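Listed in TrEMBL for this protein:
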DOMAIN    226-463  domain 'Major facilitator superfamily (MFS) profile'
TRANSMEM  21-38  transmembrane segment
TRANSMEM  50-70  transmembrane segment
TRANSMEM  82-104  transmembrane segment
TRANSMEM  110-132  transmembrane segment
TRANSMEM  152-171  transmembrane segment
TRANSMEM  177-200  transmembrane segment
TRANSMEM  232-250  transmembrane segment
TRANSMEM  262-279  transmembrane segment
TRANSMEM  291-310  transmembrane segment
TRANSMEM  316-342  transmembrane segment
TRANSMEM  354-375  transmembrane segment
TRANSMEM  387-406  transmembrane segment
Amino acid sequence: MDTKNNSIHKVKIRKTLRMSIFEGSFSGISASIFEYFIRPLALFLNASLFQIGILSSIPQLLISVTQLYLPDFLKKFKSRRNFVSLCALIQAFMVIPIILVHFVPKNLQIPLLISFYCLYAIIGSMIVPVWASLMSDIVPKRIKGLYFGRRAMVIGISSLVVVLFMGYLLQVSLQKVFWGFVVIFTFACVLRIISSFILMRHYDAPLHIKPEHHFSFFQFLKRSKTGNFGKYVFFVSAMSFSVFIASPYFSVYMLKRIHFGYIEYTIISVSPLLFGLLLKPVWGRIGDKFGNLFVIRVCSLAIALVPAAWLVSNNFYWLLLIQVPSGLAWSGFNLCTLNFIYDSAIPEKRVRCISYFNTMYTFSACAGAFLSGLLANYVPELWGERLLSIFAISAILRGITLLFFYNRVKEVKQVRPFKLEKEYFKEIIPVFRPNRGYIRPVSVDIDQDISYPVKTDNLKKNL
């Protein structure tokens, strides 16, 4: 009987691994539409620089507060799968009031847009830690990096194609731009609904949380002074603060300062996604072999230089060129940031750890965006443009963050030291071989779930 149950268990996991690829494509496209077009929608409604900063900062602040209470709120649900599916469905319908703000009086349009977008972002933020906890329990440890890397690559390809098409749609509908936005955000709503139904078919791995697994946010902050995980959270949060000093204003700079069209704006905006796609599985494999922290450090160096490159020229082709290192760096950083938490936290504490991580990360993002919103109209001009000064400040702060935390955070699993040797690259490059498959979901042998041993002393210090 145990053998039969074990076989059924494996089938459910394999089915979920495949479905998660498709679900990720639908939810990823929906999220990308908001990421790339919510600020152009606000600019279309005549939002000011300060309001753009508020649009970027207030949702982050509210998310940081929500994440504090998410682990306790989750206790009311017996199923992580049902929780994420319900939240995804509610989030989908939050698109409707966002579209309708165009029909209210002009003095209320931006305040209502910000309010409804805050609700959309809060609900979405509740999904991430719970989904990550569920999937990290399902995906075999030895292929976590590779699987999530390939999944991210599929999401990236599908999102790239759709976002480019949506940018073209806006460009050709210049006489009726609002209806172009209606089509775009309605499409995002439909895809999120489909995503919700696919999530309901996932395997619902059981999770039993005991009282000893509970720790408050203030206990977490107290331990962070000596714990490795706490130092890691402060590192990523400081990087988030530095990044959000500039990130809300790249779209403003392109659309309002150098007067790019929607198609040029879309190409520049999604090109990092394109350039990062091919390396997603490679970053995952490198993280599995040599440690996620190694990838984060390498990528952080490039991320620190990205805003400085915007100071060189506003030529379209130059801005397109600098998206190559940007896309490669962000693809590895985003993938391995979460994978590092998977390695650091035991399953029973994972939701709480991810929630507290998100609290720190989003609060820092809020602080960065809000501060830059205050400074945007007062910083000295750099080559005749204040936004370039904002980009320069962001680059300096990113570099300081990397230097300060570089040796303060340690890897939590036993990995090989990286060396520029042929034998090391043989274990990474095979993901490119056509006969191995590249985009298809990973075929997993669950019986051979062998992972690197985790340093238990680090885990005790972390949590």
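Heads up, the Cβ atoms here are built off N, Cα and C, so glycines get one too.
Cβ atoms under 8 Å from those of the transmembrane segment (316-342) belong to residues 132, 136, 144-145, 148-149, 152, 156, 229, 232, 236, 254, 260, 264, 267-268, 271-277, 279-280, 283-284, 286-287, 292-293, 295-296, 298-303, 305-306, 309-310, 350, 353-354, 357, 412 of the same chain, restricted to positions at least 6 beyond its ends. Sequence-distant residue pairs (6 or more apart) of the transmembrane segment (152-171) and the transmembrane segment (177-200) include at least 3 whose Cβ atoms are under 8 Å, placing the two stretches in contact.
Mean pLDDT for the domain 'Major facilitator superfamily (MFS) profile' (226-463) in the predicted structure: 78. Here the transmembrane segment (110-132) has Cβ contacts under 8 Å with residues 31, 34, 38, 41-42, 45-47, 51, 54-55, 58-60, 62-63, 66-67, 70-71, 73-74, 80, 83-84, 87-88, 90-91, 94-95, 97-98, 101, 104, 199, 338, 341-342, 350-351, 354-355, 358, 362 of the same chain, all six or more residues outside its ends.
Contact check: the transmembrane segment (387-406) against the transmembrane segment (291-310) gives at least three Cβ pairs closer than 8 Å, residues 6 or more apart, which meets the contact criterion. Between the transmembrane segment (291-310) and the transmembrane segment (82-104), fewer than three CB pairs separated by 6 or more residues in sequence fall under 8 Å, so the two stretches do not touch. A Cβ distance under 8 Å defines the sequence-distant neighbours of the transmembrane segment (354-375), meaning residues of its chain 6+ beyond its ends; these are 49-50, 52-54, 56-61, 63-65, 67-68, 70-71, 125, 128-129, 132-133, 217, 220, 233-234, 236-238, 240-249, 338, 341, 345, 390, 393-394. The transmembrane segment (232-250) shares more Cβ pairs under 8 Å with 50-70 than with any other stretch in the list 21-38, 50-70, 177-200, 262-279.
The recorded stretches the transmembrane segment (177-200) and the transmembrane segment (21-38) share 3+ CB pairs below 8 A when only pairs 6 or more apart in sequence are counted, and are therefore in contact. Within the chain carrying the transmembrane segment (21-38), a Cβ under 8 angstroms from the stretch's Cβ atoms is held by residues 55, 88, 92, 117, 120, 124, 150-152, 154-156, 158-159, 162-163, 166-167, 170, 181, 184-185, 187-189, 191-192, 194-195, 198-199, 202, 266, 269-270, 273, 441, all 6 or more beyond its ends. Sequence-distant contacts of the transmembrane segment (262-279) (same chain, six or more residues past either end, CB-CB distance under 8 Å): 32, 36, 40, 153, 156-157, 159-160, 163-164, 166-168, 170-171, 174, 250-251, 254-255, 316, 319-320, 323-324, 326-332.
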